[in-house]
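J.: Straight from TrEMBL, here's the annotation block:
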ACT_SITE  Y123  active site, proton donor/acceptor
ACT_SITE  K153  active site, schiff-base intermediate with substrate
BINDING   T32, V196  pyruvate binding site
Amino acid sequence: PFSQINLSVIGRYVEYLVQEQNVKNVFVNGTTGEGLSLSIQERKQLAEEWVCQGKARLDQVIVHVGALSLPESQELARHAAAIGASGIALIAPFFFKPTNKDELIAFLQKVASEAPAVPFYYYHIPPLTGVNIRVEELLDGIKERIPTFQGVKFSDRDLLDLAQCIHKYGREQLAFLYGVDEQLLSALAIGADGAVGSTYNYLGRQTNLMLQAFTKPDLALARKYQFLTGEFLNFVIKLGFGVAETKAVMTFVSGIPMGPPRLPLVAASEEFIVKAKAKLDSLVWPEGR
C-alpha cells in the first residue's frame, strides 16, 4: 500500500527527542524526512504539525522548502512563514541545475524574498544535488542579495571550503551547521557552530556529550564519542545504509514506529535491523550507557 504520512506520531517524537536525546532543534522535510518524495500538501501538513508540537518544547523548527520548481518552493516558503517556522532552508534545484553562483543566488533570492521575516539557510548537499558551487564563493556578497541569509547547512566532506567560509564570514553572525555526522568533530575544530544530521535522532544524547567535551575542551573524550559514532556508521555503511535503514534504526532505538520509506526507497531488511541493533548495543560509551 502507498505509504501515508503519520502526523499522530510527531508529538510523541518531539517528547522523545527532548527527553531522551536532549535534542531541541529540528530540521523538517529534509533528506531523512524524504521531503522531496512528498507532495506539497504533505510537506505543509508535516511542517504545521512540527511547529505546533514543537512550539513549547523545541527551540527551533527549521523547515526545508527546496523543490525543483520555483513556484512550489515559493509556496512552501510562504507557508513556513505563515505557520511561524524559526527558519527556512533550501537545497539547490538538481534536475535543471544552476551552473554558477549567480544563477543559484537568483533562485535562492526568489524563494527567500517570499518569507522576508524568516531566517534563511542554504542547504549545501552536493553528493545528492550534483551542484558543486563552492560555498565560499556563494557567500561573497550574499547578504546584499538575500538580507535574511542566516547560514549554511553544510553536508559535504570538503572541510577546506567550510574552513574558508568560517574564516571569511564567521564574524558576520552566520551559522555554519555541519551535516556529515561522522566528521562532526573535525568540523567543530575549524569552527562549525553546530550540526544537522540523521544520527542525532538516535545518538543525540551522545553527540551532545561530545559537544560538551569539545567545549571544555577535553579532546580525548570528544574523540571517544566521535570514534564510536564512526564505528557504528562505518559498520552500517558497509551493510548498505540509507534513509530507509536510518528509519529502521530510529524505530528500534526510540520504540516509536517511524514507518516505511516511500518508493523508490524500500524498507530495510530484517537482517540489517538485527545486525545494526547488535552493533549499536555492543558499543561502550564513555558514560556507560
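Even glycines carry a Cβ here, placed using N, Cα and C.
I'd like to know what surrounds each of these features in this structure.
T.: Here Y123 (active site, proton donor/acceptor) comes close to G30, H64, G66, A89, L90, I91, V152, K153, S155: these same-chain residues lie at least six apart in sequence, with C-beta atoms under 8 angstroms from its C-beta.
Counting every protein chain shown, the Cβ of K153 (active site, schiff-base intermediate with substrate) has 26 other Cβ atoms within 10 Å.
Sequence-distant contacts of T32 (pyruvate binding site), defined by Cβ-Cβ distance under 8 angstroms and a gap of at least six in the same chain, are S198, N201, V243, T246, K247.
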J.: CB neighbours of V196 (pyruvate binding site) within 10 A?
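T.: I count 23 other Cβ atoms within 10 Å of it.
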